[in-house]
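**Student:** Sharing the feature lines straight out of Swiss-Prot:
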| type | residues | note |
| --- | --- | --- |
| SIGNAL | 1-19 | signal peptide |
| DISULFID | 35-95 | disulfide bond |
| DISULFID | 42-89 | disulfide bond |
| DISULFID | 43-76 | disulfide bond |
| CARBOHYD | 44 | N-linked glycosylation site |
| DISULFID | 96-109 | disulfide bond |
| CARBOHYD | 100 | N-linked glycosylation site |
């Protein structure tokens, strides 16, 4: 199953030219109810770089991370207006640094306790 997902991601992103960025993201300390230093995102899942799925995606995209302890968001979409009609996040709401790789991977995230 994981292999199929990796192949799907690889074939979907064939036209995406990604340089090899080195990202230095340390543990964020924002309060769990605010997002003043990043963007508010609705992500399908999140985890650490030690997670095999996330490590595989980082490898496919040639994203090199150094000293990352914050969460990594997977398949995230920005939430632009909090409380607007129709805005909802049924997955995980995360506040992430502006290290977004086409919405597939977003680095430097912390969970946010917010009702949308």
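Quick reminder: no glycine exception, Cβ is built from N, Cα and C everywhere.
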**Student:** Roughly how many angstrom lie between the C-alpha atoms of residue 44 (N-linked glycosylation site) and residue 100 (N-linked glycosylation site)?
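**Tutor:** Computed Cα spacing between residue 44 (N-linked glycosylation site) and residue 100 (N-linked glycosylation site) is 14 Å.
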**Student:** Please name which of the recorded positions listed here, 35, 42, 89, 100, is nearest in space to residue 76 (disulfide bond), Cα against Cα.
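**Tutor:** Sorting the recorded positions by distance from residue 76 (disulfide bond), the top entry is 42.
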**Student:** Counting Cβ atoms within 10 Å of each candidate's own Cβ, which of the glycosylation sites 44, 100 comes out highest?
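**Tutor:** Result for the most crowded candidate: 100.
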**Student:** What recorded positions among 35, 95, 100, 109 are found with a C-alpha within 10 angstroms of that of residue 42 (disulfide bond)?
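**Tutor:** 95, listed in sequence order.
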**Student:** Tell me the Cα distance separating residue 43 (disulfide bond) from residue 100 (N-linked glycosylation site), rounded to the nearest angstrom.
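**Tutor:** Cα-Cα distance, residue 100 (N-linked glycosylation site) to residue 43 (disulfide bond): 12 Å.
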**Student:** Given the disulfide-bonded residues 43, 89, 109, state which is nearest to residue 95 (disulfide bond) when distance is taken between Cα atoms.
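**Tutor:** Comparing Cα positions, the closest of these disulfide-bonded residues turns out to be 109.
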**Student:** Determine, to the nearest whole angstrom, how far the Cα atom of residue 89 (disulfide bond) is from the Cα atom of residue 43 (disulfide bond).
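**Tutor:** Computed Cα spacing between residue 89 (disulfide bond) and residue 43 (disulfide bond) is 8 Å.
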**Student:** Residue 96 (disulfide bond) to residue 35 (disulfide bond): how many Å between their Cα atoms?
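**Tutor:** That comes out at 8 Å between the alpha carbons.
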